[in-house]
Amino acid sequence: MQPSLAPCLICLLVHAAFCAVEGQGWQAFRNDATEVIPGLGEYPEPPPENNQTMNRAENGGRPPHHPYDAKDVSEYSCRELHYTRFLTDGPCRSAKPVTELVCSGQCGPARLLPNAIGRVKWWRPNGPDFRCIPDRYRAQRVQLLCPGGAAPRSRKVRLVASCKCKRLTRFHNQSELKDFGPETARPQKGRKPRPGARGAKANQAELENAY
């Protein structure tokens, strides 16, 4: 009985395949040795990302591609506050309320104030202070109604139209540069000093030298 040649051929082919794989190395096997890719090389691993750029707590809530430089110029401006009130002049009162602009408080960052006006440049975060003060005024004529059947009157008022940020340095707050003492009386022209005052000064000098 002659053995079949098919199993022998299969064994020879498997043996030849294993010999070829051993010559190329075991790195050619992929997917748990179920697929042979002889031309596939090793890919380099990507470098690990820096977690500090992704941490928004360290970047002040800003995206990592928009770094904030403390030396950059940032805008400061006043907050726009409108105040509506009635004008009075004695017993008379305006027929309609008047809306005016109120400038008060410190200047804040313009990016945080959507309705900001009067923008200026702020060069240093720890630099001089800025205050919001009136910049321009507008004149408006208001009609006043008086009680008792009196004829209405008109009055011209001055209202704030815009505000601005004024720079206040440390020089404005130095109290030693200000003279809080009594103002010296200026000598008046055409008048002679009184003799009584001159005698009082002379007597005071004699009393001081007596001891």
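Here, residue 1 is simply the first one shown, and the rest follow in order.
Using N, Cα and C of the backbone, Cβ positions are placed for all residues, glycine too.
These features come from Swiss-Prot:
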| type | residues | note |
| --- | --- | --- |
| SIGNAL | 1-23 | signal peptide |
| REGION | 38-68 | region 'Disordered' |
| CARBOHYD | ASN51 | N-linked glycosylation site |
| DISULFID | CYS78-CYS132 | disulfide bond |
| DOMAIN | 80-170 | domain 'CTCK' |
| DISULFID | CYS92-CYS146 | disulfide bond |
| DISULFID | CYS103-CYS163 | disulfide bond |
| DISULFID | CYS107-CYS165 | disulfide bond |
| CARBOHYD | ASN173 | N-linked glycosylation site |
| REGION | 176-211 | region 'Disordered' |
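Annotated features taken from Swiss-Prot, shown on the structure.
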residue: CYS78; record: disulfide bond; DSSP (3 states): strand
residue: CYS92; record: disulfide bond; DSSP (3 states): strand
residue: CYS103; record: disulfide bond; DSSP (3 states): coil
residue: CYS132; record: disulfide bond; DSSP (3 states): strand
residue: CYS146; record: disulfide bond; DSSP (3 states): coil
residue: CYS163; record: disulfide bond; DSSP (3 states): strand
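Of all the disulfide-bonded residues listed here (CYS92, CYS132), it is CYS92 whose C-beta has the fewest other C-beta atoms within 10 angstroms.
Fewest Cβ neighbours within 10 Å among the disulfide-bonded residues CYS78, CYS103, CYS107, CYS146, CYS165: that distinction goes to CYS146. If you take the Cα of CYS103 (disulfide bond) and the Cα of CYS78 (disulfide bond), they are about 8 angstrom apart, rounded to a whole number. Rounded to a whole number, the distance between the Cα atoms of CYS132 (disulfide bond) and CYS165 (disulfide bond) is 5 Å. Here the candidates are the disulfide-bonded residues CYS92, CYS107, CYS146, and by Cα distance the one nearest CYS78 (disulfide bond) turns out to be CYS107. Residue environment of CYS163 (disulfide bond) contains 24 other Cβ atoms, counted within 10 Å of its Cβ in all protein chains.
CYS92 (disulfide bond) has its Cα within 10 Å of the Cα of none of the disulfide-bonded residues CYS107, CYS132, CYS163. Taking CA atoms as the reference points, CYS146 (disulfide bond) and CYS107 (disulfide bond) are 41 Å apart.
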